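As recorded in TrEMBL:
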- Glu197: active site (ACT_SITE)
- His196, His200, His279: Zn(2+) binding site (BINDING)
- 1-19: signal peptide (SIGNAL)
- 521-542: transmembrane segment (TRANSMEM)
Amino acid sequence: MLLLLPLLPLMEMMPFSRLEVLIVLFDTSLFDNDLATRVCNADGAAFAIGDGSGGEACSATKLVNCNGVCSAAMLWPAAKASFMTDQVLPAVADRLSAALSVISPAAIVFAAQGGTDCGASDYGPATIPQSYIDTPTTSADVVIFVTRRPMLGGAQAVGVECLQNQLGRPLAGHLNVAPQYIDPNDLQGAVDVVLHEALHILGFSFSKFSAYLNEFGELYADESPARPVVASTTTSFGNTIRRLNTPRVTAVARQHYDCARAVGLELEDGGGVGIFKSHWEKRLLMNEIMTGRYESLPPPALSVFTLAALEDSGWYVADYSTATPLRYGFRQGCEFFDGQCSTWTGDGYYCNTSTPVGCNFDRSAKSECIVTEWAIIPSAFQYFNNPTTGGYSELADFCPIYTPTSDGACAELANAAVASPGAEQFGASSKCFLSTVRNMSLSYTGNLEPRCYLSTCAGDETSGYTLSISVGGSAPITCPARGGMIEFPGFQGAVQCPPAAEVCRTPFVNRPPVPTGSAAITGPSLVVIALAGILAVLGAALA
């Protein structure tokens, strides 16, 4: 804190204090120049994962430090190479530039790290090309070396940092993509996977949380009183959780969940090495891009939570308007934030065998309650009489949560071919609602079932929201503001309207307000900016 007075005048006088959009350079030269033992160039050839010198064969129980046999899916044809180089990586770089700003270094000096290895994951390291060792990099803020080594056990990609500046900000990293999971017909899926790993490299990782800097350029742990960046606590139902405990993350959590007592946000407590503590807790954020399991529906969202965490590192300034609105958990209250999922009351979340079908949380799809048997479920996560019965995801603490069916997406026109006889309509404006509606020519059952109907929203927070629904090409009918059943001329049955605000209100994508009692943070750490600028000048002098 003593640094604040001398550094503020420096920051005001020096041009290097200006923020610039983050420039990420993805280097793909290792696609063609990687170690031959690490990649697959021929079906049936051998490859090694990690240290395969012991000769042990890869298997279902041996996924790293082993030797495998290449399959056709592990090869790297020109179509995959150009897909990554021309489409996926530029899209990720653009997304990061739009979301984050940084004080640019004068140069990234790879020679200073004293070696040519980058990254220490089970699938690394990557070999830094000699050109980077010989000549400092001045065209980017971060350099990420991309490789195409096969991965086993369902792992699609991995990203690790290998070089940082004096303030701890990552300057370089290694990102490996598994060729067998690259589908040139699925651009969004590939972008989401690479973006997830790039965010790890930029600092969203348990190994980096302890290096985060507060608004005075101090480590959070050095504050008085000390503030652990990752704070452990025991819940009322008996399990130990860890929360990322930084000011903007707290502000976002309070605003998003509408919970004034929220402090920080839980990190993942399941999944093993590589997932544990380095991702958001899936039970609370489900399809946020930094949870530990990929969900295609709804697609992963780079939300205000992850942007807040990166800004709380002290290394970046986030443009929150670029965040993807996250509906999961929105305004579900403190019981959702820190209670067991069996106490949740919001539509589309917790389910059980007595309600086997419904709509998912954002009403984007007809869904089912997936319940499965596990060998062991911790007592804190047992929600059924049978202690080994639980939801489909360990990462979501075994919570049974409505999950979209394979043909349930309401926006997909192709799903009309398998629609129920309930006057459904599919398209970009369709959402899922519970309904008993049937055509007049059919027998009436009266059973509430999830169905897709066209819907429109109007209004705002001040004037109030209105929700209108149309079935089977009918004229739209406006729902009661607080929800209720509506009927349609020419059809049997009715549609169950939720409260209009639940469907129509848009989750926050604004700069988070500062929690009561926290320092007045309105932007980047001034001290960190000044320090970064000084270091940039020193770096230029030494390069």
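A Cβ is built for glycine as well, from the same backbone N, Cα and C atoms used for every other residue.
Remember, it's a predicted structure, so these values are computed and weren't measured experimentally.
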Residues within 8 Å of the His196, His200, His279 Cβ centre (excluding the Zn(2+) site residues themselves):
Gly159, Glu197, Leu199, Phe204, Ser205, Ser278, Ile289, Met290, Gly292
May I ask which residues of the same chain, at least 6 positions away in sequence, place their Cβ under 8 angstroms from the Cβ of His196 (Zn(2+) binding site)?
Ala157, Gly159, Ile289, Met290, Tyr294, Pro300
Taking the Cβ of the residue listed as 'active site' as the centre, count every other Cβ atom within 10 Å, in any protein chain shown.
22
For His279 (Zn(2+) binding site) and Glu197 (active site), what Cα-Cα distance in Å is obtained after rounding to a whole number?
11
